[in-house]
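Below you'll find the structure, written out as structure tokens, and then a few comments.
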Amino acid sequence: MISMSEPASERNYSKPPGIRLLEYIKKSPLSYKTHQAIVLIVTFLAYASYHAARKTTSVVKSTLDPESSDVSLKFFPWRMTYLSEPAEGRRLSRILGDGWAPFNGSDGTALLGEVDLGFLAVYAIGMYFSGHLGDRTNLRIFLTIGMVGAGVFTSLFGIGYWANIHTFYYFLGVQMLAGLFQSTGWPSVVAVVGNWFGKKKRGLIMGIWNAHTSVGNITGSLVASALLKYGWGWSFVVPGLIIATVGVLVFLFLPVSPDSVGAEEDELDSPKKCGPAGVTEPLLEPEVKVKESAVGFLEAWKIPGVAPFALCLFFSKLVAYTFLYWLPFYISHTAIDGKYLSSEASGNLSTLFDVGGVLGGILAGHISDRLDARAITAASFMYCAIPALFFYRSYGHVSMAVNIALMFITGMFVNGPYALITTAVSADLGTHSSLRGNSRALATVTAIIDGTGSVGAAIGPLLTGYISAKSWSGVFTMLMVAALIAGLLLTRLVVAEVGAKIEESRSRSALRSQPTVIDV
């Protein structure tokens, strides 16, 4: 029975219309596992559509600004391979059109970086408020509003193509509003998934589930690239319509929590089981009849581990989002085996970074589950990302095969810790033992960690817009330094986990060395 003192928002959730329809067709209530499957599928599609809409800007960049400054191509201190190629050949192979004012001027890359900053700055700020609201409202309605709003403003950016709009502040304003609505997504989907799945194998489950980020990026790249030939406006309008449509799907089918649909779990599969052999740090404990209140912002920051992982994600997302927003542009402006690729081909090639990211997220989740060491896993991946970034910049131009292999490896190490921290780590910390079973911290903690990371995500693309005008090698140096700092920020947690492993090993050795007493 649910305590009468619980907030109304927890008691009065009604079953989504789609769930009621499925139960009417089946003529019986859906099982707990069926609800879990629906949650994974719907939230996967939801956040994949968020990233598909977010990715389009990076693909269209080289169409809006088809030329970069000569300095960015000539200044290549790490390797001087292609300086002998005639400048005319480089220019003609890269120009796809006249671009789109105001982004086709000499300051085009800087303006594009400022548009990215506007989106991501509002996204980061909005994330904090979204987490606060998410723990206090119906997440299904909240997520639907965010997705439909994001779809509207993503489409409005593309409408500038047919409306012949060339005002920088129109594109900046539309992107900022799109960022505000996009900020509703991550705290909401993590909180919903956290409500349905316990800590056991959470890293692996969420590592696989987090493939939605890369699937969304790949889908966004392929859709936007395919539509460029019909006019760059379609590259925004179609992803905008997709995310709005999936938002309607969320409204119809997403069950926010077991209590909201009256689902009862199996004892064997219960993520909330607290028996002698059960989970010692359950995700939720609805059987504890206590009055739960949403955890405050400052209180959430004090949860052990939140600050280090949030700051680590700041630098991790700085790296990941620089690739998200600038990789197709970088590819189209870098000769591979002496040839420059078109915007469409660059967008398609960039998807291999996200394919590597899918594998990286799954590996990081699985390894962290097996080792029971989130910090060690995340830090190790960040350190491995440093040589991967160096080799991709230094040798990615040698041939298409080398570029593909190095891009895949870089995506694996860059996205692995990013995926781990934003999913399993956020869910772990949002249900930390210090909260005494309070389930109403998931969205807030997730928002703090990912919101802090999103500040880095805003800074990375902005700096890239300015640094790339002088040297792409400077951009990669920035990314390697950021990866190093991200790993170092977890040092204290890594030391603690290593110490715990050593102590655990000693305890096991001591138990094995004790003589066995046989009763006669």
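Along the chain as shown, residues are numbered 1 onward.
Every residue, even glycine, has its Cβ placed from backbone N, Cα and C.
Annotated features, as they stand in TrEMBL:
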DOMAIN    41-499  domain 'Major facilitator superfamily (MFS) profile'
TRANSMEM  30-50  transmembrane segment
TRANSMEM  110-129  transmembrane segment
TRANSMEM  141-162  transmembrane segment
TRANSMEM  168-197  transmembrane segment
TRANSMEM  209-228  transmembrane segment
TRANSMEM  234-254  transmembrane segment
TRANSMEM  306-327  transmembrane segment
TRANSMEM  347-368  transmembrane segment
TRANSMEM  375-392  transmembrane segment
TRANSMEM  398-420  transmembrane segment
TRANSMEM  475-495  transmembrane segment
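Counting C-beta pairs under 8 angstroms (sequence separation of 6 or more), the transmembrane segment (141-162) reaches the transmembrane segment (168-197) with 3 or more such pairs. Of the Cβ pairs linking the transmembrane segment (475-495) with the transmembrane segment (209-228) and spaced 6 or more residues apart, fewer than 3 are under 8 Å, so the two regions do not touch. Residues of the same chain lying 6 or more positions beyond the ends of the transmembrane segment (30-50) and with a Cβ under 8 Å from any Cβ of it are 19, 22-23, 143, 147, 150, 182, 185-186, 189, 192-193, 196-197, 209, 211-213, 215-216, 219, 239, 242-243, 246-247, 249-250, 253-255, 258, 261, 263-266, 269. Here the domain 'Major facilitator superfamily (MFS) profile' (41-499) has a mean pLDDT of 80 out of 100. Distant neighbours of the transmembrane segment (375-392): 308-309, 312, 316, 319, 360, 364, 367-368, 403, 406-407, 409-410, 412-414, 416-417, 420-421, 425, 476, 479-480, 483-484, 486-487, 490-491, 493-494, 496-498; these residues of the same chain sit at least 6 beyond its ends, with a Cβ under 8 Å from one of its Cβ atoms. Residues 16-19, 38-39, 42-43, 45-46, 49-50, 52-53, 55-56, 59-60, 139-141, 143-148, 150-159, 161, 192, 220, 223-225, 227-228 of the same chain lie 6 or more positions beyond the ends of the transmembrane segment (234-254) yet place their CB under 8 Å from a CB of it.
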